[in-house]
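Listed in TrEMBL:
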type	residues	note
BINDING	Leu11, Ser12, Gly13, Lys23, Asp105	GTP binding site
BINDING	Asp105	Mg(2+) binding site
DOMAIN	8-158	domain 'MobA-like NTP transferase'
Amino acid sequence: MGGSIIGGIILSGGKGERIGGKKPFRIFNGKYLINYPSDVLKSLNIPYVTVFAKNSIDLDKEKEYLNKYKCIISFDLIENKGPLMGILCGMRALNAEWFIVLPCDCPYITKESIIKLISYIKISKKDNLCIVPMHENGFIEPLFALYKRNSLHILNKILMEDSNLSLRYFISYLNPFYIKVEELDKSKKIFKNINTIKELKHG
Ligand SMILES: Nc1nc2c(ncn2[C@@H]2O[C@H](COP(=O)(O)OP(=O)(O)OP(=O)(O)O)[C@@H](O)[C@H]2O)c(=O)[nH]1
Ligand SMILES: [Mg+2]
């Protein structure tokens, strides 16, 4: 498989409990939530994989999605393991040196912010295995971040151990290159996720 330098992973395998399920296919401003990151990656010609839950949440909508975007589709190998499982399955399905990891619920994402994020790759050091936006208060945005393929063996190990499956724990092994959130978006709106019906209706 010929690998591109940059690939995308759209995480769409959560339970969407707070929104009442089927989060990727909830409609926000006339579009499915999942179409927002998909449209941005597509417009940038970045190959990407969308990782759904192990058990399909809506086969018809997933098929419709595949037909529209013709991207790679993957499913979690094991259910209920959280975003790390999605990242692992995404990295295994697509060959790239760096992966832009995005959630399915980021309707304020912009093309410019992704271009900016990618631009940090050349500034990062060889041993920075991820590039992660950080807020002034120290809060990080690991689901709007870049991960190097070299981190795959660490991810594998963590998922095998099955003790701490948090993104923070994973990142603690990656010598992160932190960037200020404002560098990607002064308004910081791109990081806003949609978790409830109320947010779906009112943003
Ligand atoms: N592939 C995969 N993605 C996941 C998993 N858990 C969460 N995600 C994704 O990670 C992103 C952030 O998760 P949340 O905002 O908590 O979404 P969620 O888990 O579906 O929603 P809640 O059940 O309300 O927490 C979303 O895009 C989810 O689809 C998982 O087990 N597998
Ligand atoms: Mg969740």
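Placed from the backbone N, Cα and C atoms, the Cβ positions cover glycine too.
TrEMBL: automatically predicted annotations, no manual curation.
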Cβ-Cβ neighbours of Asp105 (GTP binding site) (radius 10 Å): 26
Lys23 (GTP binding site) - helix vs strand vs coil (DSSP): helix
Cβ-based neighbourhood (8 Å from the centroid) of the GTP site, residues Leu11, Ser12, Gly13, Lys23, Asp105 excluded: Ile10, Gly14, Gly16, Pro24, Ile34, Phe52, Gly86, Pro103, Cys104
Leu11 (GTP binding site): secondary structure state under DSSP, collapsed to three categories: strand
